[in-house]
Amino acid sequence: MSTFQELGLNEDLLNAITDMGFITPSDVQQQAIPLLLNEERDLVALAQTGTGKTAAFGFPMLQKIDVDSRTTQGLILSPTRELCLQITNELKQYGKYCNGLNVVAIYGGASITDQAKQVKRGAQIVVATPGRMKDMISRKMVDISKIQYSVLDEADEMLNMGFYEDITDILSHTPDDKSTWLFSATMPREVASIAKKFMYDPFEITVGNKNESTNNVSHEYYLVNARDRYQALKRLADANPDIFSVVFCRTKRDTQKVAENLIESGYSAGALHGDLSQNQRDLVMKSFRNKQIQMLVATDVAARGIDVDDITHVINYQLPDEIETYTHRSGRTGRAGKTGVSMVIVSKSELRKIKSIERIIKKQFEKKDIPSGTEITEVQLMSLANKIHNTEIGHEIDKYLDSINELFEDTSKEDLIKKFFSVEFNRFHNYYQKSKDLGVVDSRDTSEGRVSSNDTRYFINVGRKDGFDWMKLKDFLKEKLELGRDDVFKVDVKESFSFFNTEKEMQEKVLAFFTDFKHEGRFVNVEVSENKGRSGGGRRRDGGGRGKRRFDDKPRGERRSRRSNDGDRNRDDNRGDRRRRSDDKPRGRRSEKSNFSGSDRPRRSRRK
Ligand code: AMP
């Protein structure tokens, strides 16, 4: 593997790379940079967003253009304003030591005359969305007749969005002898035909296989009755207290509705779709980036170009119509070397789509059960315990300690801990105890067909922060316990702990092994979990519908008071970002990601 220096980049770029903290070139950079630096040739690169492709074309372009000239030499077309701005910002950072460099972004929804002025000052590189670019060409506000490099970024997305004509028109104003570099996550027929039409003998590089999903993302599906879809979504969120996710819906209406319902239910959520004004979309994206929003509910079109690196989960609330779109959705997580999970909530009638997606992404889905109430309660409790354990003590508390100590004078440490955790535990426990399981039986599925009474579910105090994902933990357990391929199942990895199942007969062996076992210097603790771990897609149906309280049952008064909070704000301007604001919460808590303590869901007032 080469270093950035060995790829042939100049001093100005290497200094910027050092400033940005990039250590090694990514796969697409390894492949593309030397080719583009050394030859004037076209390029077709199959690479997903998050692979470092902006730098793969950005570095060579910056090195090759003449910054002393004011002529526009590079044109980058991208599908959305978001992406356009993201590329522009990245290029400005990469080129921060290239004296005289001017990169200008051109996109709809902002003043065209201002953009024209910026171009006129001399922009060596223009980054544009096709619609606005075409407009500016026809008004002679930009001259691309002398460009030497054109980039079609996320070409499949641009074509999906109906930009074929615009792209054709724009390219007809560029010189024939320029080089064209096309980047696309997938290679549908339309992209291949663009490549054929506008490019000559291109280099072809592929990062992973065509349409293939990155290795950093694991894929899971949850089979539910269509009517339980929303409840399933809430449980997935509750079972992942640190979730930071994009939830994909098929239509703008569903997107708005799901986001509103989540907000009503007390989650920090926001909607992102095309019926929102640019201003509203910017506000939502800002809140999402700041992590004030944990669940961004979005349409496929609106989510294009989301450039947030640490998204933990992508949730497919509904599957996309075009199966290939799944690759784009799941590519929003597992970026910049991190791992991520792509979850699909699926009804029986859509199950066949899972198989088609598996063929396209060349990855297997893991079938999982919607977490039971018990499991969620445990997860939330342990998450809170970990959070408290890791909290640094602030000395502002000191002045209250005398009164607190007095109050608890007669309470033992043990009782104090029990009382403290009961406050939160009872809330989730009471909320979920009567709720039914949400899975449905998949008659075709035999792999998970274990009878739950024969299983033991365990809690283990290692998780993602110890470098495990479900595959690694499964391998680890199999190896340590010397078990066979299918002996460890239903492995669920959370941030600092996990769950797994074995057959009951192995319980003794498992517990015995972990009585005195250290991993990387730390004792590994394994306990039998209260939650038995449902099997076979929800064969158990405890509780049923009888006496079940609807999740959305909320005391009227509380609803009203929330509305009036929202009412203080300009509703129109914040329609996409109507996350809950409880102004009586301390600042730090607002952005805190704990579902247990940072939000009031399940609501205290439900506890009657
Ligand atoms: P992109 O695929 O261009 O959207 O890049 C995804 C993210 O990875 C961006 O935040 C880049 O700044 C970052 N990035 C790009 N190249 C590297 C690299 N070689 N090392 C670390 N991060 C990188």
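Yeah, the Cβs are placed from backbone N, Cα and C, and that goes for glycine too.
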Of 2-30, 60-88, 205-233, the range TrEMBL labels motif 'Q motif':
2-30
Averaged across the motif 'Q motif' (2-30), what pLDDT does the model get? Just tell me the whole number, please.
92
The domain 'DEAD-box RNA helicase Q' (2-30), counted residue by residue under DSSP: helix, strand, coil:
14 helix, 0 strand, 15 coil
